[in-house]
Amino acid sequence: MGTTKVTTPLIFAISIATIGSFQFGYNTGVINAPEAIIKDFLNYTLEERSETPPSSVLLTSLWSLSVAIFSVGGMIGSFSVGLFVNRFGRRNSMLIVNLLAIAGGCLMGFCKIAESVEMLILGRLIIGLFCGLCTGFVPMYIGEISPTALRGAFGTLNQLGIVIGILVAQIFGLKVILGTEDLWPLLLGFTILPAIIQCAALPFCPESPRFLLINRKEEEKAKEILQRLWGTEDVAQDIQEMKDESMRMSQEKQVTVLELFRAPNYRQPIIISIMLQLSQQLSGINAVFYYSTGIFKDAGVQEPVYATIGAGVVNTIFTVVSVFLVERAGRRTLHLIGLGGMAFCSILMTISLLLKDNYSWMSFICIGAILVFVAFFEIGPGPIPWFIVAELFGQGPRPAAMAVAGCSNWTSNFLVGLLFPSATFYLGAYVFIVFTVFLVIFWVFTFFKVPETRGRTFEEITRAFEGQVQTGTRGEKGPIMEMNSIQPTKDTNA
């Protein structure tokens, strides 16, 4: 158990799975660059249809709907994760939902030719559904096929796929590439290509061995896949751990979303999962990128859009750094460092934004704070919330937990997007103080409540939470900090 061998089949399976993460990142960032061009399309199409120019209110509302409907689709999709993975399996679910990506991409890609605003909005809704499902499927699949000793590092690749997707969308959105009046439908429709690639490659990836053994009782097939993925014949301990979990599952009733909040042994991990997802979206990362172009412009950067892409490069670099740190430092430690660093940078950004009109050099301080803020985000709050949810739950409750956590992430993302412009209007630069307060709250919560899962099997983590519940029923203090000090499973293959 806990092999650290990295095999070609394992890397291939994880790489193909993270195409779904890339799709999420790409479709999150792709709508920003061609904003003015798409508004012109909306204006022209509506004017042709009604023979009168649309009001500015209608135009703004339709643009806002085109952006926000993606998050609405994501909320619905993320909450539907369990319906797919329990019925079709992890790999087959990823394969099936690519039909949504192709359908959404076609609608957006052909909306200009058809002169249809409805096709654009419907395409964004469908692609949101697809991305919402991917945010559940990908971390779950990666977590279940990865060796315990490498689960965190490989789990971080989900976030790497997301940030690469955002970066590619920013680059493709440049006016010299696809961000033009003629080519913007190709920019939106590009999502079809990764979907086709993933459809072609997924049949060569194995199904999750945990799903095969625990859900389907196919022990020999699961054993064969584990041996091929991990490059070792000695998987007896892992198979036994899965069989033990399978036996426990057969004695329990099916775990629903409501059961996650009702059952004492699930309540604490689901609250931790939700809080970690909120710590990602309420950290202010989207606000920083919203402000960045204007700040770079004020600092005298000739092409602020390229500076924003530079911030995206920093985003990507530090996600790679996190891949190598997460199994050394641990999830909890990196999350605390990330939240603390972001809180400091958030205060620094507030001060520099308030003083930059009086002191020109303050703009450069603000740029530095932005880049460091982004770096701290990708060390902790960026990657960790996505994959730690899969670690906190056993096979039975995991799909429902991923659905709840994913839905809370998408919902908070939607609310931040909805409320942030108004907050900025009333608070100005002080809006970052609000995010600082959130960051401090999440830091305190993480310090006292979030356990370290590095090097521990799913069974060990689940039993640790059950131990807290049993201890708590005897009127004693729950050993959440003891859980942080449990030694990882020793590598018997080393």
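Using N, Cα and C of the backbone, Cβ positions are placed for all residues, glycine too.
Keep in mind that what you see is a predicted model, and the values were worked out from it rather than measured.
Per-residue pLDDT, averaged along the topological domain 'Cytoplasmic' (1-10), amounts to 80 for this model. Taken from Swiss-Prot, the feature topological domain 'Cytoplasmic' covers 1-10 (among others).
The transmembrane segment annotation in Swiss-Prot covers 11-32 (among others) and is backed by similarity to another entry. A Cβ distance under 8 Å defines the sequence-distant neighbours of the transmembrane segment (11-32), meaning residues of its chain 6+ beyond its ends; these are 38, 66-67, 70, 94, 101, 124, 127-128, 130-131, 134-135, 137-138, 141-142, 145-146, 154, 157-170, 172-173, 187-188, 190-191, 194-195, 197-198, 201-202, 204-206, 229.
If you look up Swiss-Prot, you'll see 33-64 (among others) marked as topological domain 'Extracellular', on the strength of similarity to another entry. The list of residues near the topological domain 'Extracellular' (33-64) in space but at least 6 beyond its ends in sequence, with Cβ under 8 angstroms from a Cβ of it, reads 112, 115-117, 120-121, 169-170, 173-174, 179-181, 184, 187, 305.
Feature annotation from Swiss-Prot assigns N-linked glycosylation site to Asn43. Counting only residues at least six positions away in the same chain, the Cβ atoms of Pro53, Pro54, Leu59 sit under 8 Å from the Cβ of Asn43 (N-linked glycosylation site).
What Swiss-Prot lists as transmembrane segment is 65-85 (among others), and the listing cites similarity to another entry. Beyond the ends of the transmembrane segment (65-85), by six or more residues, the same chain brings 27-28, 31, 38, 42, 93, 96-97, 120-121, 124-137, 140, 211, 399-400, 402-404, 406-407, 409-411, 413-414, 417-418 to within a C-beta distance below 8 angstroms of the stretch.
Summarising the annotation, Swiss-Prot assigns topological domain 'Cytoplasmic' to 86-90 (among others). Long-range Cβ contacts of the topological domain 'Cytoplasmic' (86-90) within its own chain (Cβ-Cβ under 8 Å, at least 6 residues beyond either end) map to 96, 137, 140-141, 144, 207-208, 211-212, 215-216, 399.
Here Swiss-Prot flags 91-111 (among others) as transmembrane segment.
Counting residue by residue with DSSP, the topological domain 'Extracellular' (112-118) contains 5 helix, 0 strand, 2 coil. Taken from Swiss-Prot, the feature topological domain 'Extracellular' applies to 112-118 (among others), supported by similarity to another entry.
Here Swiss-Prot flags 119-142 (among others) as transmembrane segment.
The topological domain 'Cytoplasmic' annotation in Swiss-Prot covers 143-153 (among others), and the record cites similarity to another entry as its basis.
As annotated by Swiss-Prot, transmembrane segment applies to 154-174 (among others).
What Swiss-Prot lists as D-glucose binding site is Gln159, Gln280, Gln281, Asn286, Asn315, Glu378, Trp386, and the listing cites similarity to another entry. Taking all protein chains in view, 27 other C-beta atoms sit within 10 angstroms of the C-beta of Asn315 (D-glucose binding site). Under DSSP, Asn315 (D-glucose binding site) is assigned to a helix (H, G or I) in the three-state scheme.
According to DSSP, the topological domain 'Extracellular' (175-183) comprises 0 helix, 0 strand, 9 coil. Under the heading topological domain 'Extracellular', Swiss-Prot lists 175-183 (among others).
If you look at the transmembrane segment (184-204), the same-chain residues 6 or more away from its ends with a CB under 8 A from one of its CBs are 12, 16, 19-20, 22-23, 26-27, 30-31, 33-34, 37-38, 41, 91, 94-95, 98, 101-102, 104-106, 108-113, 120, 123, 127, 172-173, 178. The transmembrane segment feature in Swiss-Prot is assigned to 184-204 (among others); the stated evidence is similarity to another entry.
The annotation topological domain 'Cytoplasmic' is assigned in Swiss-Prot to 205-269 (among others).
Its own atom aside, the Cβ of Thr232 (phosphothreonine) has 15 Cβ atoms within 10 angstroms in the protein chains shown. Thr232 (phosphothreonine) falls outside any helix or strand according to DSSP and counts as coil. Among the features that Swiss-Prot reports, phosphothreonine is placed at Thr232 (among others).
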Candidates 91-111, 305-325, 332-352, 364-389, 400-420; stretch with most C-beta pairs under 8 Å toward the transmembrane segment (430-450): 332-352
Secondary structure tally of the topological domain 'Cytoplasmic' (86-90) (DSSP, helix then strand then coil): 4 helix, 0 strand, 1 coil
The transmembrane segment (91-111) touching the transmembrane segment (332-352) per 3+ Cβ pairs under 8 Å rule: no
Whole-number Å value for how far Thr232 (phosphothreonine) lies from Gln281 (D-glucose binding site) (Cα to Cα): 40
Long-range environment of the topological domain 'Cytoplasmic' (326-331) - Cβ separation under 8 angstroms, sequence gap at least 6: 149-150, 152-153, 155-156, 337, 383-384, 388, 391, 450, 452-455
Chain-internal residues near Gln280 (D-glucose binding site), provided their CB is under 8 angstroms and they sit 6+ positions away: Pro381, Gly382, Pro385, Asn409
List of residues, in chain order, with Cβ under 8 A from that of Glu378 (D-glucose binding site) and at least 6 apart: Gln159, Val163, Asn315, Phe318, Thr319, Val321, Ser322, Gly338
